[in-house]
Structure formats: structure tokens, C-alpha cells
Amino acid sequence: MSSMYHLFFNCLQKLMWLMTLFWLVVVVRELWSFPRLFLYLAIIFLLLLVWKKKAVLRAYTYAMAHKRLLIGLAILFQLLVIGSANLLVRRDAAVVITGALEMIEDQSISNYLTRNPNNLPMFLYARALYRLFGTASLWVLQALGMLYINGTAYILYRTGRDFFSQQVADILFILYLLLLGFSPYVIQTYTDITSLPFLAGQLYLMVALLKEERKVTQGLCLLGILTAIASIFRPTALVIVIAFVLLLFLRGKWRRFIRYMAVFVSSFSVMFAGLTYGIHHQQEVKIVHDETLAKGLTTFINLGLTYSGTNQEDMKEGLLVYIDPEKHGDYNNGMFAKENEIKEIKRRLRNYTPVTFAQHLQYKLAMTLYDGSLNWLYRKPEDEKTPLVSPLYKYTKENRFAEVIRQSVIQYDGDYYHYYRGIKQLVWLVVALGLFAAVWRYRSDETINFLSLAIFGGLLFLMIFEGGKTRYLLQFFPQILLLSSLGLNKIRER
């Protein structure tokens with residue numbers, strides 16, 4: 001490896017050390033905000049784990065030897081969540097899905113997608129299912145959501161087992177299952193879940209290529225195809241690719257680098273061009289192609305500069321200053337014109353001082369990292385602006401068992417939800433601890449360096465663009481959990 005390689009990743013390790021320490025602190029701080037009784041019970045439970053260490057290890061070994069049973073329990077949990085849910089999707093996801101299933105007027109979904117063209121691929125995906133399955137497509141989406149969540153568990157497990165060790169694979173599997181397998185996210189049939197198996201597949205192929213344990217040309221072609229599909233749903237799929245390319249560049253093996261890039265770019269370009277051509281020539285919904293009406297890259301930079309990084313109302317209020325007051329009530333009033341966006345970005349930057357800008361970044365990063373429930377914010381349908389109520393709700397509304405599930409797992413404002421969230425926060429603390437352990441000191445380990453760079457790039461992206469919600473980490477979830485698993489395995493070996 002070149003001296004530039006070691007210098008770059010040595011500096012990155014120091015940055016990641018600080019960032020993961022901050023991650024650990026905000027997770028602990030959030031855990032400390034839970035009711036004292038829960039904290040006391042958690043401490044007693046942890047002491048029992050230490051006291052009965054051998055029994056805990058036996059139980060863990062038994063569980064890891066029966067992964068099919070764990071997946072079966074996760075599927076049962078997911079089915080209970082789907083069957084008990086009062087609300088399937090909300091906000092933007094609800095508009096996209098109801099539009100795709102022709103549950104709202106054509107003009108409404110046309111206006112929405114004109115403003116939010118980034119959601120057009122998800123709309124076309126759901127509309128294709130609607131054309132194939134009709135009204136049953138709502139349940140096909142739920143079934144596919146289960147397939148994506150559980151399929152990702154398998155891909156991540158294979159990543160750990162094929163390229164590291166059985167111990168790393170087991171840790172990776174159980175962390176993912178606890179955070180997403182046993183999670184209400186199964187009912188959110190949106191890009192967060194739809195893109196997961198493609199993101200996990202990307203990671204598998206990149207690790208294989210770094211370790212040179214796969215046919216290079218075949219692996220790069222498949223990586224290009226997966227990246228093209230993933231980036232259609234989630235452009236942030238390119239962040240891990242940039243990390244991969246930068247690592248290969250810093251290696252200094254130029255012939256290999258050029259060959260890798262030629263194969264990858266060719267396969268990616270062909271697939272991406274085909275997908276974008278199909279999207280741009282779709283006939284399912286009318287899109288008005290006018291840059292003054294559509295949210296673009298500058299919109300999300302502008303949104304990211306609001307103090308929380310997610311304040312849509314603050315962003316819109318700033319942009320409306322540049323619009324004729326008579327047009328303020330119009331849905332598509334031209335406020336997203338690039339010249340307006342640039343003026344607003346400059347204004348926001350001028351209004352920050354170095355101190356307040358640092359406070360803004362600290363707050364935004366903390367809100368991105370702190371929540372083990374991954375910002376699950378479903379409430380009662382009547383409290384939501386754009387809900388898609390489950391067709392099953394009329395049958396389960398008075399069912400006590402279904403209501404307990406809703407109050408415990410699905411509704412953020414449910415009577416028992418804080419118990420569920422507390423458990424997730426403890427698991428999230430373990431993830432943060434693993435990340436901190438993984439970057440504790442610099443090691444000339446390509447996989448650690450690659451994962452660190454991919455995660456750092458993802459967090460940097462969220463600091464520049466829209467950020468401030470832990471849910472946004474789902475688009476970087478595979479690399480986060482793999483790096484954490486490697487760190488936890490280091491702790492185990494000691």
C-alpha cells in the first residue's frame with residue numbers, strides 16, 4: 001500500500017473515532033431519558049448477564065444454531081404487525097402508494113410527482129404491481145416488504161460467513177434481526193425497505209472484490225447492475241461506490257483500477273440508461289417537466305441547512321419570500337426555481353455564525369444517530385395528514401390482542417410503546433459500542449477502512465443534504481452493521 005493510502009486512512013480513523021464516540025454518547029444520553037424504572041431493570045438485567053455469563057453464552061449459541069427458528073419467529077411477528085396495523089403507510093409514502101393504486105385522483109398524484117420526481121420510480125414500481133394484481137397489489141407490496149427484510153438478513157449473514165467468520169456472521173445476523181426483523185418497518189412499503197436487499201448485495205460484492213474471492217469481471221458486472229437498480233430508488237447507493245472507488249485508487253495498482261472501473265462503469269451505464277429511459281418515457285402519470293416546479297439537488301441542500309435538517313415548513317417559508325404573495329397558496333407555484341434555491345442557501349449560510357453553524361451540525365448529527373427505533377413515528381390514523389388505513393383495521397379495531405400490538409409496537413404514542421423502544425435503544429447501544437471498538441485504533445485492514453469510509457461518506461452526505469432522522473441511516477445500514485459486528489467480534493476475542 002502507498003504512503004498516501006496509510007496517511008488518508010489514518011486520518012479517517014481519527015475522525016471516525018471521534019464520530020463513533022459521539023454516537024455512543026448520544027445513544028447513552030437518549031437511553032438515560034427513559035423512565036427510571038426501565039433503567040433500573042435494564043441495569044439489573046445487564047448485571048445478571050455478567051453474573052450468568054456462561055448461561056447467556058449457552059443460550060446465544062443455541063439461538064445461533066437455530067437461525068431458521070429465529071427467522072420463523074420474525075416472520076410471525078411481521079405477520080402479526082401487518083394483520084394488526086391500523087395504518088400501513090403515511091405522509092409521502094401514502095401519497096405514492098395511493099396514487100399508484102388509483103385510490104386518489106390522477107391530478108393529485110400528477111401534482112405530487114411533478115414536485116417530487118425522486119419518488120417516480122417507487123410510484124412506477126407500485127403501479128406495475130397494481131397492473132398485474134389489481135387491488136390485491138396492496139398485499140403483494142406487504143409480502144414483498146417481508147421478502148426484502150428477511151432476504152437482506154440472509155445476504156448480510158452470507159457476507160459475514162463467506163468473508164470473515166461464523167462469529168461475525170452470527171453477530172451481524174442477530175443485530176439486523178433485532179433492529180429490523182422484529183420491527184414494524186415491514187408495513188412501510190417505501191424506498192427504505194425496497195432498496196435494502198440491493199444495498200446488501202452491493203456490500204457483499206464489494207467485500208468479495210476487495211478480498212478477491214469472486215470472479216472479478218462477473219462480480220463487477222453484477223455490482224454495476226445492482227448499483228443501477230439501487231440508485232434509481234436511493235441515489236445514496238452511490239456513496240458506498242465512491243468509497244470503494246477511492247480505496248481502489250489509493251491502492252495505487254493502476255492497471256487493475258482502470259480495468260475495474262471500465263467493467264463497472266460499462267455495466268452500470270447500460271442498466272442505468274435503460275431504467276432512466278423507461279422512467280422518462282412512462283405513460284402512467286403526467287409529469288410537468290419544469291425545474292421551477294420540481295424539488296432538485298439544491299432543495300435538499302436548502303432543507304439540510306434548516307437547523308434540524310428536516311424542517312420542511314421552515315424551508316418553504318424561506319422560498320416563498322421569492323414568490324408573488326398571490327401564488328403562495330398554489331401547490332406548484334415555482335418556488336423551487338434554482339435561482340430561488342441558491343438565493344435561499346446563501347441567505348441561510350450568511351445567517352449562521354461559525355458557532356451556530358457548528359451547533360447546527362452537532363444537533364443534526366445527534367438527531368441522525370440517537371434513536372434505536374429508527375425514528376418510527378406512526379400515530380393514530382386520525383392524527384396523520386395523509387394516512388393509508390389498513391383494510392383489515394375495520395375487523396381488528398375492537399380486537400384486544402391487535403390493540404395491544406398497536407399500542408406496543410406500531411403507534412409511537414401507544415401506551416406501551418416505550419418498552420419496545422427501550423429494548424431497541426439497548427440494541428442500538430450495542431451497535432454503537434461495536435462501531436467504536438472497530439475504529440479504536442488504526443489497522444491496515446482494507447475492509448475496516450472501506451466500511452469506515454463508506455459510513456463517513458454517508459454521514460457527510462446527511463450533514464450536507466436532508467438529515468436529522470435516524471431512519472435515514474437505513475440507506476447505509478448494511479455497512480453500519482457489518483462494521484459494528486467486526487468491532488463486537490474484536491471485543492469477544494479479548
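Placement of Cβ uses the backbone N, Cα and C atoms for every residue, glycine included.
Taken from TrEMBL, the feature domain 'Glycosyltransferase RgtA/B/C/D-like' applies to 123-267. For the domain 'Glycosyltransferase RgtA/B/C/D-like' (123-267), DSSP puts the residue distribution at 128 helix, 0 strand, 17 coil.
What TrEMBL lists as transmembrane segment is 7-26 (among others). Sequence-distant contacts of the transmembrane segment (7-26) (same chain, at least 6 residues past either end, Cβ-Cβ under 8 Å): 250, 365-366, 369-370, 429, 432-433, 435-436, 438-442, 444, 449, 452-453, 455-456, 459.
Residues or ranges marked as transmembrane segment by TrEMBL: 32-50 (among others).
Look at TrEMBL and you will find 70-89 (among others) tagged as transmembrane segment.
As annotated by TrEMBL, transmembrane segment applies to 128-156 (among others).
Sequence-distant contacts of the transmembrane segment (168-187) (same chain, six or more residues past either end, CB-CB distance under 8 Å): 63-64, 67, 70-71, 73-74, 77-78, 81-82, 85, 87-89, 142, 145-146, 149-150, 152-153, 156-161, 193, 372, 374, 376, 378, 409-410, 424, 427-428, 430-431, 434, 477, 481-482, 484-486, 488-489, 492. Per TrEMBL, the feature transmembrane segment maps to 168-187 (among others).
If you look up TrEMBL, you'll see 193-210 (among others) marked as transmembrane segment.
Annotation comment: TrEMBL describes 222-251 (among others) as transmembrane segment. Sequence-distant neighbours of the transmembrane segment (222-251) (same chain, 6+ residues past either end, Cβ-Cβ under 8 Å): 1-2, 4-5, 8-9, 118, 121-122, 125, 191, 194-195, 198-199, 201-203, 205-206, 209-210, 257, 260-261, 263-272, 275-276, 279, 446, 449-450, 453-454, 457-458, 461, 475-476, 479.
Same-chain residues lying 6 or more positions outside the transmembrane segment (257-279) and placing a CB less than 8 Å from one of its CB atoms are 120-121, 124, 209, 216-217, 220-225, 227-229, 231-232, 245, 248-249, 251. According to TrEMBL, the transmembrane segment annotation covers 257-279 (among others).
If you look up TrEMBL, you'll see 426-442 (among others) marked as transmembrane segment.
According to TrEMBL, the transmembrane segment annotation covers 448-465 (among others). If you look at the transmembrane segment (448-465), the same-chain residues 6 or more away from its ends with a CB under 8 A from one of its CBs are 9, 12-13, 15-16, 19, 206-207, 210, 236, 239-240, 242-244, 246-247, 300-301, 303-304, 309, 361, 364-365, 368, 435, 438-439, 472-473, 475-476, 479-480, 482-483, 486.
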